[in-house]
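> Not my notes, these are from Swiss-Prot:
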- Asn165: N-linked glycosylation site (CARBOHYD)
- Asn240: N-linked glycosylation site (CARBOHYD)
- Asn267: N-linked glycosylation site (CARBOHYD)
- Asn317: N-linked glycosylation site (CARBOHYD)
- Asn383: N-linked glycosylation site (CARBOHYD)
- Asn487: N-linked glycosylation site (CARBOHYD)
- Asn568: N-linked glycosylation site (CARBOHYD)
- Asn597: N-linked glycosylation site (CARBOHYD)
- Asn666: N-linked glycosylation site (CARBOHYD)
- Asn781: N-linked glycosylation site (CARBOHYD)
- Asn861: N-linked glycosylation site (CARBOHYD)
- Asn894: N-linked glycosylation site (CARBOHYD)
- 166-189: repeat 'LRR 3' (REPEAT)
- 191-215: repeat 'LRR 4' (REPEAT)
- 216-240: repeat 'LRR 5' (REPEAT)
- 318-341: repeat 'LRR 9' (REPEAT)
- 346-369: repeat 'LRR 10' (REPEAT)
- 370-393: repeat 'LRR 11' (REPEAT)
- 394-416: repeat 'LRR 12' (REPEAT)
- 441-463: repeat 'LRR 14' (REPEAT)
- 465-487: repeat 'LRR 15' (REPEAT)
- 655-678: repeat 'LRR 23' (REPEAT)
- 823-847: repeat 'LRR 28' (REPEAT)
- 872-895: repeat 'LRR 30' (REPEAT)
- 1-29: signal peptide (SIGNAL)
- 30-971: topological domain 'Extracellular' (TOPO_DOM)
- 993-1031: topological domain 'Cytoplasmic' (TOPO_DOM)
- 972-992: transmembrane segment (TRANSMEM)
Amino acid sequence: MDKWKYARLAQFLFTLSLLFLETSFGLGGNKTLCLDKERDALLEFKRGLTDSFDHLSTWGDEEDKQECCKWKGIECDRRTGHVTVIDLHNKFTCSAGASACFAPRLTGKLSPSLLELEYLNYLDLSVNEFERSEIPRFIGSLKRLEYLNLSASFFSGVIPIQFQNLTSLRTLDLGENNLIVKDLRWLSHLSSLEFLSLSSSNFQVNNWFQEITKVPSLKELDLSGCGLSKLVPSQADLANSSLISLSVLHLCCNEFSSSSEYSWVFNLTTSLTSIDLLYNQLSGQIDDRFGTLMYLEHLDLANNLKIEGGVPSSFGNLTRLRHLDMSNTQTVQWLPELFLRLSGSRKSLEVLGLNENSLFGSIVNATRFSSLKKLYLQKNMLNGSFMESAGQVSTLEYLDLSENQMRGALPDLALFPSLRELHLGSNQFRGRIPQGIGKLSQLRILDVSSNRLEGLPESMGQLSNLESFDASYNVLKGTITESHLSNLSSLVDLDLSFNSLALKTSFNWLPPFQLQVISLPSCNLGPSFPKWLQNQNNYTVLDISLASISDTLPSWFSSFPPDLKILNLSNNQISGRVSDLIENTYGYRVIDLSYNNFSGALPLVPTNVQIFYLHKNQFFGSISSICRSRTSPTSLDLSHNQFSGELPDCWMNMTSLAVLNLAYNNFSGEIPHSLGSLTNLKALYIRQNSLSGMLPSFSQCQGLQILDLGGNKLTGSIPGWIGTDLLNLRILSLRFNRLHGSIPSIICQLQFLQILDLSANGLSGKIPHCFNNFTLLYQDNNSGEPMEFIVQGFYGKFPRRYLYIGDLLVQWKNQESEYKNPLLYLKTIDLSSNELIGGVPKEIADMRGLKSLNLSRNELNGTVIEGIGQMRMLESLDMSRNQLSGVIPQDLANLTFLSVLDLSNNQLSGRIPSSTQLQSFDRSSYSDNAQLCGPPLQECPGYAPPSPLIDHGSNNNPQEHDEEEEFPSLEFYISMVLSFFVAFWGILGCLIVNSSWRNAYFKFLTDTTSWLDMISRVWFARLKKKLRRAR
């Protein structure tokens, strides 16, 4: 017994000694844990790198940096002091809304000094930049490595054969480089390997499958983007190879087009739990063999655009399936049938991604999935009422039904108590948001935009975790009070735009939230400026346009948050000092103060601003201050003010300018030459000023689409560079100037030209015969698009874009008007009020897409356009006050869209062709043509109307003939009924028997309904905008 006591005492003392030595070694005095030899090796390694972001600032040989075990990214064995871990990986940083992400990478080359670290078992150098060099062979000598990650680090070349020496490796990640795989025999030596990624490598080895299956312990394999569609394993390889341990398989982006190219997956093992095949080119039916993978939990088939037939019935065998993603696969299937085929996973399924497909039907039966957490169904063709499908779903956290055709009232949302995000935008829901919304205590994002909802409940104010609320573009009405907003302490994005709401709060109300996005256009916030904005310190977007504010800017309003990006106060009646408002911050991207009562001199253009709108105000004086601008906006609109004086000649500094609108001011003098240096310019409006002199050259502005210089006093001839250099021009308006000379035929090279207005000048000579080269005018469709500028980036957490739509002053159907976005619907040529001579070229008749042609008030002779009947889209034709002669062509009657016609004051003769269309015009359309006759003018002398044709056939009794014509025989009716039943049941029978025909038929019906709905929405939206502008 005493022996055991002494033995235990000795063991205790020994352990205590070890602990004392370890503590002393690690913490005592000035003694360092780091070994000198390994410190020197690490410093040599550092010298081979370029550290632009100070990742290795803690590394050094200074006295206070001697302990290398405390350097960033270094770990040591606490007992021996040997370096065991080097972790210098970087992470991508993606700023909100950025199209690309950034990583603060190390650059340079790897030093073989790492070989001195003989106990190194963990090396992570991922997401760095090693100059597209080959992976150093010496890494294959770090034999104790268990973890090696060189992914996304700009390596290239072949994988060193020396990797076969890394027999202790459990994780090897070489993905996202530019490696070439010619030999994989080294893999068979890595008997402990559990994770392997060779993603984005260029496979040039035919026996890759055979070699990979020689790694018996492999659990996860990533071969994404390796071009495996061209390297299908042979049947012999499939028969003799397997990977029983494999659980997770990544095969994204391999250009697989059919299941035969990845059928080897089903030979590997039946134990797979996760497969991703997203971003391939799969087509046809989904392989039934997925249903044999009884352990499958995760299946991703997203972004394969040609999958047909939907979910196969074999998926009912996947009783462990937790995650299924078939988004953006163009799947056409009846949704209730799809849910039925997933019934085997009704207890396990947690995430179901079906967005961006062609699913139809209602979402009934969605409640059968008792574990469902996330359901993505946006951008389909779902219809029916939400109420039909509502049932208690206590687990659902994310539901997206946006951009469908669902209708009716919303259900009691308290049925979804776990919801964190609810997206119902762009449907046809009606009624009020249910009172039960207030019970969703975990709700963070609520989007009900673009529906027909009418009211907001006060229970909204109970959503203390709500971060984003978007109810824009509904028909909400009534008053929002403090009760609606009382507890929304987490709210950062509020969008109630384009409703009929009034926001009424007490004068000293302090909101419980700090918003990043405030979007309240068309909400009634006035007449006074909303004082609660003074409490908001973090917003990046402030849009209170159309808000019925008629007040002077308060002094506190100029103290903006430093990150403000969008400021929109347009369409109010606000007055005050603009200079204080926009000169106190450098973060602006968009400033829109248009349609207000601001006055005074032009303020300096703020630094970094991209869109700057001051139009429809009362600014006055010179704009020479623009030369002091330190920024180059993308879009600048100063139109409809009282600016005067000469235009400054400093535009060469605004190199980014794409839209410049200086119309409707009092500018005088010549157009400065520096405007011609704006190589990014797409639209230039300077109409209705008093500019004089000749046109400067815009030949460098080769992207110019709109050139509107009408209503000035410009002189000289039309320059040839318009036709040779401005080949993208779509609108050319030089109307109401003092130009002379002939119309140069070189402008016929403008194949994209849609609107040509040279009216009211002094142009002479003949009309060129090449107008049929205007390709867009030759096409009989509307191909116009608005000019659109998107401000890059997210503001708050959510994307925003800003749209610029230009206008044009044109003579359309005998009325001079301004048209917003004329490129969408106008195709016109106006050469009126000049001194043109000669005949009208017959080539004009080839312009079948032309909608308005005005050649009036010239000295043209000859006949009305030969072949004019081809111009079937023509709505307005004015050839009055010329010297045209001859008869009116008969095919003029073919122009069924023609609503304005004026051929008066010519020398036309003969009878006006007979048609309901031509006789419906007023007499003034044909007046002052001395020899023209026929309705609606006086009848032609001696004209006798043609007699009705009478059938003198065998039946000599007209009454009997009429009866025979009027009453078909009984046999006719019987055959008609039989034909209807045969056709009806024949088509219906095919739809019942053939599911693919049935799906295609219903998809056609749904597509047609969607198209009609979309068209009606577009026209309704345009009508709303016109009505708002009219107000």
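Cβ coordinates are placed from backbone N, Cα and C, and glycine is handled just like the others.
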> Using Cβ atoms and a strict cutoff of less than 8 Å, what residues sit near the repeat 'LRR 10' (346-369) while being 6 or more residues removed from its termini?
297, 302, 319-340, 375-386, 388-393, 395, 400-401, 406, 1002-1003, 1006
> Taking only C-alpha atoms and a 10 A limit, tell me which of Asn165, Asn317, Asn487 are near Asn240 (N-linked glycosylation site). These are the glycosylation sites.
none
> Could you measure between Asn383 (N-linked glycosylation site) and Asn165 (N-linked glycosylation site) for me? Cα positions, answer in whole angstrom.
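Spelling it out, the Cα of Asn383 (N-linked glycosylation site) and the Cα of Asn165 (N-linked glycosylation site) are 61 Å apart.
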> Over the span of the repeat 'LRR 3' (166-189), how high is the average pLDDT in this prediction?
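Mean pLDDT, the repeat 'LRR 3' (166-189): 96.
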> Can you give me the same-chain residues 6 or more apart in sequence from Asn894 (N-linked glycosylation site) with a CB-CB distance under 8 Å?
Gly869, Arg872
> Measuring Cα to Cα, tell me the gap between Asn487 (N-linked glycosylation site) and Asn861 (N-linked glycosylation site) in whole angstrom.
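The Cα atom of Asn487 (N-linked glycosylation site) is 78 Å away from the Cα atom of Asn861 (N-linked glycosylation site).
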> At the level of the C-alpha atoms, what whole-angstrom distance separates Asn568 (N-linked glycosylation site) and Asn597 (N-linked glycosylation site)?
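Between the Cα atoms of Asn568 (N-linked glycosylation site) and Asn597 (N-linked glycosylation site), the distance comes to 14 Å.
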> May I ask you to report the DSSP-based helix, strand or coil state of Asn383 (N-linked glycosylation site)?
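It is coil.
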> Where the distance is taken from Cα to Cα, which of the glycosylation sites Asn267, Asn317, Asn666 turns out closest to Asn861 (N-linked glycosylation site)?
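Answer for the nearest of the glycosylation sites: Asn666.
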> Here's one to test understanding: among the glycosylation sites Asn165, Asn267, Asn317, Asn666, whose C-alpha is closest in space to the C-alpha of Asn597 (N-linked glycosylation site)?
Asn666
> Kindly assign Asn861 (N-linked glycosylation site) to one of the three DSSP-derived states: helix, strand or coil.
strand
> In the repeat 'LRR 12' (394-416), how many residues does DSSP call helix, how many strand, and how many coil?
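Its residues fall into 3 helix, 6 strand, 14 coil.
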> Measuring Cα to Cα, tell me the gap between Asn317 (N-linked glycosylation site) and Asn267 (N-linked glycosylation site) in whole angstrom.
18
> In sequence order, which same-chain residues at least six apart have a C-beta under 8 angstroms from Asn666 (N-linked glycosylation site)?
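Once residues fewer than 6 apart are set aside, Asn666 (N-linked glycosylation site) is near Gln642, Phe643, Ser644, Asn689, Ser690.
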> Out of Asn240, Asn267, Asn317, Asn861, which of the glycosylation sites has the smallest number of neighbouring Cβ atoms within 10 Å?
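Checked Asn240, Asn267, Asn317, Asn861; of these glycosylation sites, fewest Cβ neighbours within 10 Å: Asn240.
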> Using Cα coordinates, what distance in whole Å links Asn267 (N-linked glycosylation site) and Asn165 (N-linked glycosylation site)?
29
> What count of other C-beta atoms do you get within 10 angstroms of the C-beta of Asn383 (N-linked glycosylation site), across all chains shown?
20
> Could you check the glycosylation sites Asn165, Asn487, Asn568, Asn597 and say which one's CB has the most other CB atoms within 10 Å?
Asn568
> Over the span of the repeat 'LRR 15' (465-487), count residues by DSSP class, listing helix, strand and coil in order.
4 helix, 7 strand, 12 coil
